[in-house]
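Some notes on the structure that comes next.
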Amino acid sequence: MAQTAGVKPITIVGRVASERERCLGMTDAERAWRKQWLKDQVLAANEPVYVEEYWRERTNPIRRIYRKPLDVFYTALTPFLGAQRAADYRYITGKLGLMALGILGIHYYFKYHGNDWTKKGGWRVIRTKPMVLPGQPGFPFKSERTQDSDYANRGFKSSPL
């Protein structure tokens, strides 16, 4: 369906929308009308208006639930810091929280779900041989792996079974 519902759209600016038309000459009535029209385009000091019911109707309930903790944080900081700075702190706090959650998740995964002889899945972490140059302590490097079975051990030898 068309935005104008079948009615031809007209501009409310009128003939004086383009600079060329204004240069051709304007009557006093057109000049006063344009002055008022330009004044009407300026937003009021309290714009944009935040309407709670409008926001509630347009946002998903799940989104409102997971945003609630940081919204409470934002409303607590707003009187002290101002709206913009509180919004910045809200944004930064959310991102740092997500990064911390990701780091903790990765740590948990590697600590409790590593690849060993008891399971088939998981990421296998292999330590490479350290670079030891002549003149450094520990040169030449001697590996702890002395037998062939040490290379595919995957924690079997240190198992209590």
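Note: Cβ is positioned from N, Cα and C throughout, glycine not excepted.
Keep in mind that what you see is a predicted model, and the values were worked out from it rather than measured.
According to TrEMBL, the protein has these features:
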- 136-161: region 'Disordered' (REGION)
- 89-110: transmembrane segment (TRANSMEM)
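Taking Cβ pairs closer than 8 Å, the transmembrane segment (89-110) reaches residues 70-71, 73-74, 77, 81, 123, 125 in its own chain, all 6 or more past its ends. Secondary structure counts, DSSP: the region 'Disordered' (136-161) has 3 helix, 0 strand, 23 coil.
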